[in-house]
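**Student:** Copied straight from TrEMBL:
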- 171-192: transmembrane segment (TRANSMEM)
- 204-224: transmembrane segment (TRANSMEM)
- 231-249: transmembrane segment (TRANSMEM)
- 255-288: transmembrane segment (TRANSMEM)
- 327-347: transmembrane segment (TRANSMEM)
- 353-373: transmembrane segment (TRANSMEM)
- 380-396: transmembrane segment (TRANSMEM)
- 408-426: transmembrane segment (TRANSMEM)
- 433-450: transmembrane segment (TRANSMEM)
- 466-644: domain 'Metallo-beta-lactamase' (DOMAIN)
Amino acid sequence: MVSLVQSHVFVRDVNTLFDCAENITINVELHSTFRSNLYFSNSVVNLDQIHGCDANYSGLLLLKVPLDLAQNIKLGETWRVEAEIKPIYGLLNEAGFDAERFYFGQRVIAQARVHKLLQRIEKADLRGRWYNEVYLQTAQLESRPLILALLFGERSLIENQQWSHLKRTGIAHLIAISGLHIGLAYMVGWWIGHILRIVIPTWLWLPVLSAVGMATLYAWLAGFSLPTQRALVMCLIAATALFLGIRLSRWRILWLTLAIVLTLSPMSAVTSSLWLSVGAVIIIFLAIGPNQSRLEKQNPEPRVGKAEKKQSKIYIKKLYTWFRIQLYLSLGLAPISAWLLGGVAWLSILFNAIAIPLVSLFVVPLLLAGILLNPVSESLGFGLFQLSDMGLSLLADLISKTQAYSNLWFQASQMQILGLVLLFALICVRKRWLVFMLCIGGLCVAMVGLENNDTKWRLDVLDVGHGLAVLIESDERTILYDTGAGWDEGSIAQMVVEPVIVQRGTGIDALFISHWDNDHQGGMNYLIARFLPRYVFTPQQDIKTLPCMQGQFWWWQGLQFEIVWPPKTVSRAYNPHSCVMRISDGTHSVLLTGDIDAISEYQLVDAVAQSDVIIVPHHGSSTSSTQVLVDKVDANIAIASTSKQGRWSLPNQIVVDRYRQSGSRWLNTGTDGQVSVRFLSDEVKVMTLRNPQTAAWYRQILRKGVE
């Protein structure tokens with residue numbers, strides 16, 4: 001019932017916002033620091049007021065600010081801006097970042113593209129001022145990005161390479177403020193209250209109040225993100241039960257926490273972080289075993305014995321429990337990590353054995369003490385930040401010494417993920433009937449996975465926005481044609497291409513770059529370093545790559561590859577010099593065209609044969625796809641790689657009509673998401689990920705029902 005009500009409210013809020021107008025003046029409060037991409041700096045903001053509209057609405061928006069304007073806005077400030085309200089359009093692929101699911105889980109209902117900053121309405125709030133002060137104070141500290149991430153949950157300063165190394169060593173979870181950190185703050189607060197109670201013995205509830213206060217403070221510093229909210233709710237339930245004298249088992253506390261979280265924020269059910277957190281807590285509970293009271297009943301301590309011996313047994317038992325928890329977490333979270341991240345840091349148990357005590361017992365307490373003492377004495381606060389920087393530098397040194405070992409990260413396919421689940425069950429689950437049922441279920445899943453074994457080869461046009469990235473796969477080996485765009489802080493290759501390839505567990509045999517525009521080669525260097533393809537082909541003269549030019553012909557995995565354009569390599573490959581490639585298995589064929597223009601099409605048309613599938617030239621631009629080329633190729637399927645409501649307004653409707661009138665089935669990644677074409681022995685099967693009949697309802701709401 002609550003979910004239905006919340007869903008209705010969500011739909012109402014979306015309609016209310018768009019009913020006001022698309023171009024409006026609004027007041028927004030910057031809730032988190034900006035993250036930049038190719039054109040904009042993005043951040044989730046609180047919408048405080050809509051000017052010129054009777055609607056009384058406040059909520060969350062995704063603010064997109066031009067790069068040159070974003071530097072004027074500080075965390076915690078409130079600004080009046082002129083903005084264009086647009087639906088949230090995310091990329092949809094079989095793996096990689098799902099923006100629509102992510103923002104729906106946070107109840108972000110639309111995006112606002114800022115045209116002009118009008119006025120700063122309010123200066124930064126207390127959290128924003130503290131962040132800005134620490135940002136300036138720690139400017140000379142090597143670990144400033146990690147300090148700001150651990151104190152405020154703001155990870156925008158962490159470089160992609162550093163975050164990748166944290167992920168590969170399995171300790172990225174220590175830098176993202178979550179239940180571990182809030183629980184640690186709760187314990188720190190408890191001990192502070194326990195010490196103060198020695199001075200004020202009549203204040204019996206001081207430890208509990210101090211613990212709740214410290215946990216709440218840390219959650220506030222982190223901006224009350226969803227993971228911190230969940231952990232704080234769990235702490236409040238435990239504290240309330242203790243205060244009221246109610247005996248609750250740890251399992252009841254967990255289920256009650258989950259019920260409250262889903263009641264207050266049912267949209268969070270679609271986020272992976274919720275179930276990752278719940279899974280981690282369940283694994284910890286399994287590692288700890290039955291309630292302590294039950295253990296004591298089964299194994300009572302002897303009444304007579306040396307106190308030292310008893311105390312040593314307690315310490316040994318606690319140490320054993322800690323290592324048991326680490327083992328269970330490493331094994332239990334491995335399948336989840338493999339599913340969400342595409343692989344497993346197989347030495348994470350060793351890294352965590354060093355990093356968890358360092359961060360939880362040394363770094364975080366120093367940071368919390370530093371932020372609390374900083375308003376009293378900046379020198380004392382900075383001294384504590386310096387000490388925490390020393391600890392984080394040790395962690396960074398540990399990571400840097402392992403960067404040369406690429407085998408620290410184990411790429412996992414879906415079948416290998418299934419094997420990890422069964423391995424965890426065999427080792428950790430005591431109920432053998434449950435293990436048996438899991439094995440039976442695993443066999444069923446494996447059989448389903450083998451249903452499509454009659455696929456000879458497949459082609460996938462990934463949803464990369466304005467750009468192109470095409471995978472050709474045969475017998476679990478892959479060739480990549482173009483990489484999508486790149487920018488200073490990341491690339492489509494990292495967001496989309498890498499997760500898809502890693503999830504399949506194939507790697508890259510060869511990489512083709514059609515031409516040298518950013519939206520086609522922006523991720524080239526990253527993918528070359530990441531997957532080490534044996535061959536790289538480009539039409540641009542480069543001593544590090546092989547030439548891609550007319551007349552080349554070879555076989556790969558039973559497929560025939562033929563280059564039909566350009567006639568020669570050039571010093572700088574622009575659109576007309578795009579590498580045009582035809583792939584055939586003798587029965588079915590595909591033509592990949594890059595961004596060739598009309599003149600190039602007239603020149604190469606005699607060398608082109610009929611093809612079943614064509615990757616539409618230049619994203620469906622009116623400068624390409626001449627009637628001559630469309631008629632000569634005579635494709636059954638035409639696929640355009642475009643951005644929904646992109647700045648170039650592609651595809652051109654005349655081009656779309658031209659293909660449809662020629663008998664081609666038109667598909668567009670901006671509308672259809674990732675497009676997959678499977679070539680079977682006697683037929684061609686096409687699948688799109690964005691299907692209106694099967695898509696989650698919230699996607700249509702966020703995109704304003706555009707499909």
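Glycine residues also receive a Cβ, built from the backbone N, Cα and C atoms like all the rest.
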**Student:** For the transmembrane segment (204-224), what are the same-chain contacts with Cβ under 8 Å, counting residues 6+ beyond its ends?
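**Tutor:** Answer is 31-32, 127, 130, 151-153, 177, 181-183, 185-194, 196-197, 231-232, 235-236, 239, 242-243, 368, 371.
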**Student:** Could you give the residue numbers and ranges of same-chain residues that sit at least 6 residues beyond the transmembrane segment (255-288) on either side and whose C-beta is under 8 angstroms from one of its C-beta atoms?
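**Tutor:** Sequence-remote neighbours of the transmembrane segment (255-288) are 2-3, 6-7, 10, 101-102, 104-107, 178-179, 226-227, 229-231, 233-234, 237, 248, 321, 324-325, 327-329, 332-333, 336, 340, 428, 696, 698.
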**Student:** I need to check the long-range neighbours of the transmembrane segment (171-192): which residues 6 or more away from its ends have a CB within less than 8 Å of a CB in the stretch?
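**Tutor:** Apart from its flanks, the transmembrane segment (171-192) reaches 146, 149-150, 153, 155, 158, 163, 207-208, 210-215, 217-219, 222, 225, 227-228, 230-232, 234-235, 273, 277, 280-281, 348, 351-352, 355-356, 359-360, 364-365, 368, 395, 399.
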